[in-house]
Amino acid sequence: MENSEGVKIESTVVTEEPLISALDIALFVVIITVAYFWYFKRDKQSSSSEKKPYTIQPSSLSSIEQTSNSSFIKKLKSTGRSLVVFYGSQTGTAEEFAGRIAKEGARYKMKGMVADPEECDMADLVEMKEIQKSLAIFCIATYGEGDPTDNAMDFYEWLQNGDADLEGLNYAVFGLGNKTYEHYNEIAIYIDQRLEELGATRVHEIGLGDDDANIEDDFVSWKEKLWESVCSHYGIEETGEESNIRQYKLVDCSEVLPERIFSGEISRLKSYENQRFPFDVKNPYLSKIAVNRELYKSGDRSCMHIEFDIDGSKMRYDTGDHVAVYPKNSSELVDKIGELLNADLDAVFSLLNTDEESSKKHPFPCPCTYRTALTYYLDITSNPRTHIMKELIEYASDPKDQEKLKLMASSTPEGKKEFHEWILRDNRNIVHILEDLPSVKPDLDHLCELLPRLQCRYYSISSSPKVYPKSIHITAVLVNYTTPTNRVNKGVATNLLAQLIPTNDELPQPTIPIYIRRSQFRLPPKSQTPIIMIGPGTGLAPFRGFIQERDYARKEGREIGEMVLYFGCRKKDEDFIYENELQEYVANGTLTKLHLAFSRDQPEKKYVTHLLEQNADELWNIIGEKSGHLYVCGDARSMAKDVHSIIVKVVMEKGQMTNSQALNYVKKMEQQKRYSADVWS
């Protein structure tokens, strides 16, 4: 802009001063242009240098890391490694498993590294054969409706579309899934088969972890057999070394300036003070809570209707999307850890990766205080896995505590039984373990290294952007329950949300970091297409948005198709959420039919599945004769499975098909996005 204005100025000068030649003018413009670019380039570099977030780096970076972050082959070769463990992770579990495998490689004379496929050139797999006794292991989660995780998407597409010659590549795959979902471990199974098709050699059979049961047990059992296969395949023996090697080293940061210390930001320092669009998993938006009201009419349970203010954020969402909420742990639990370990929670520290080749320099944003790490970055409420039991052994001064930890860390039947009963059944978290094994006093920095990252929580959006473009609504049940040890466990996110009550005065409104996760749970493209929605309890959430959107279309004068809703709860006078809204939609014709099941309002339990079976003719009329869409939202373990069975039965009977024909019909509905599920376990 300045250049064009400069040219205009010069042309004016030419008109007023004819003594200056055209050559003089041209020369002057060139000089000004060069000076402009030189000055602003220097200024930009200086500015970016000043604004660069503070991070602690290793004292010396290898030339390989500086020149080629994407070439894992070069890193393997330059550091004498033969094992690389890739992870496809959405919640951090697959990444954790990958780290444990890479760490154990040292016991088998296989120095390992962990790699994120999103940050690697996966075409380099063809060069793995150049490394003697090399092995690639894939810890891959299946996400959503049989989708790869975000960081494994490019690798998955590369396998689908490419035909690389992977002869000489030795590999093994462990999948992370949930049996309550239809597409159980689909991505891991595909990768395992596809690698073999491309010529790679499977060193050990695929492992399938089930998060609905005990995925830790599945992983440990598979891992033990994996190393047996590795020893057999390569003709090597276990060294027997059981030493616990730290992945990160402690750095004292007491001298770091306060403005360079993380205080809960997910990635970029001061990101909540200087909000920048676009907002995503690494850069959430700090949203104000506009509304927080109770939906249940009576009883001792709570269900919240919460509205996040996104006005001015440039955030956009579609009906059916999810919103991710970043929670924080309760100060009570955090203080308890400090008390149990006699630690200064306000000390500033950093954990620095001892592997200079790793692209992951810190396990969470550093430097920060221990209080910040335990509050915002670490999961202190879930059940710890067996490897944490193993690492805690050295910190137990009481032989009885030592033996208990050793037993739970072992893979013996007795050890697995003890871990299942004492940790999983009794629902102990790290705070409970430290309370019940009082001689266990781990170094707090080591504990911070061991604990998994605190993950965001996802909620189905219960509003339509057509009606509420400046806010996002969610419907959330407050999670509180008593464990077998008579402790009260509280849901991390819902208990935080319950405290965020907006005020009517001029005080700052409560805020929480959020971002939008896109979904495939969508209304039909044509508003005339009839739909059936099945959503008991908070499964109603996305359908509230669906109904709002269709109601908006109706008010605009567009034709809308039939909308049939199945909703169920315990008691009409207790937990019938959004009752007035739904009755209004029935009255104005947007909601064609509202089928209600109140399970505890009569002697015999009555659920939405019972109503579905009773309304087989209506069901077939919409999904069979009118090619309508069917949606299910809620519990995956029982409700969604029962609905699927009923749909198949109705298709068989009303469509006059065999069982296999009905299954194929329903499968085709799913492929055509006419049968969609948004479920959780």
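The backbone N, Cα and C atoms fix where each Cβ goes, glycine too.
TrEMBL annotations:
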BINDING   89-94, 141-144, 176-185, Asp211  FMN binding site
BINDING   Arg301, Thr538, Ser599, Arg600, Lys605, Lys606, Tyr607, Val608, Thr609, Asp642  NADP(+) binding site
BINDING   Arg457, Tyr458, Tyr459, Ser460, Thr475, Ala476, Val477, Tyr481, Gly491, Val492, Ala493, Thr494, Trp680  FAD binding site
DOMAIN    83-227  domain 'Flavodoxin-like'
DOMAIN    282-524  domain 'FAD-binding FR-type'
TRANSMEM  20-39  transmembrane segment
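Structure coloured by features recorded in TrEMBL.
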residue : record               : Cβ neighbours (10 Å)
Ser89   : FMN binding site     : 21
Gly144  : FMN binding site     : 16
Tyr181  : FMN binding site     : 23
Arg301  : NADP(+) binding site : 12
Arg457  : FAD binding site     : 19
Thr475  : FAD binding site     : 23
Val477  : FAD binding site     : 17
Ser599  : NADP(+) binding site : 16
Lys605  : NADP(+) binding site : 12
Trp680  : FAD binding site     : 16
(request) Using a 10 Å cut-off, grab the number of neighbouring Cβ atoms around the Cβ of Tyr184 (FMN binding site), all chains included. (result) 17
(message) Please list the DSSP helix, strand and coil residue counts for the domain 'Flavodoxin-like' (83-227).
(response) 65 helix, 35 strand, 45 coil
(request) For each of the binding-site residues (Gly92, Gly491), count the other CB atoms lying within 10 A of its CB, then report the residue with the highest count. (result) Gly491
(request) Measuring CA to CA, name the entry from the binding-site residues Asn178, Tyr184, Lys605 that ends up nearest Gly491 (FAD binding site). (result) Asn178
(request) Do me a favour and check the Cα-Cα span between Tyr181 (FMN binding site) and Ser599 (NADP(+) binding site); whole Å is fine. (result) 25
(request) Consider the binding-site residues Arg301, Ser599, Trp680 and say which one has the Cα lying nearest the Cα of Gly92 (FMN binding site). (result) Trp680
(request) Rounding to the nearest whole angstrom, report the longest C-alpha distance spanning Arg457, Tyr458, Tyr459, Ser460, Thr475, Ala476, Val477, Tyr481, Gly491, Val492, Ala493, Thr494, Trp680, listed for FAD. (result) 23
(message) The record lists Arg301, Thr538, Ser599, Arg600, Lys605, Lys606, Tyr607, Val608, Thr609, Asp642 as binding NADP(+). What's the largest Cα to Cα distance among them, in Å, rounded to a whole number?
(response) 26
(request) State the count of C-beta atoms found within 10 angstroms of the C-beta of Thr609 (NADP(+) binding site), not counting that atom itself. (result) 20
(message) Cα-Cα, whole number of Å: Thr609 (NADP(+) binding site) versus Ala493 (FAD binding site)?
(response) 30
(message) Averaged over the domain 'FAD-binding FR-type' (282-524), what pLDDT does the predicted model reach?
(response) 96
(request) Please list residues from the chain of Asn178 (FMN binding site) whose Cβ is under 8 angstroms from its Cβ, counting only those at least six apart in sequence. (result) Tyr184, Asp210, Asp211, Asp212, Ala636, Ser681
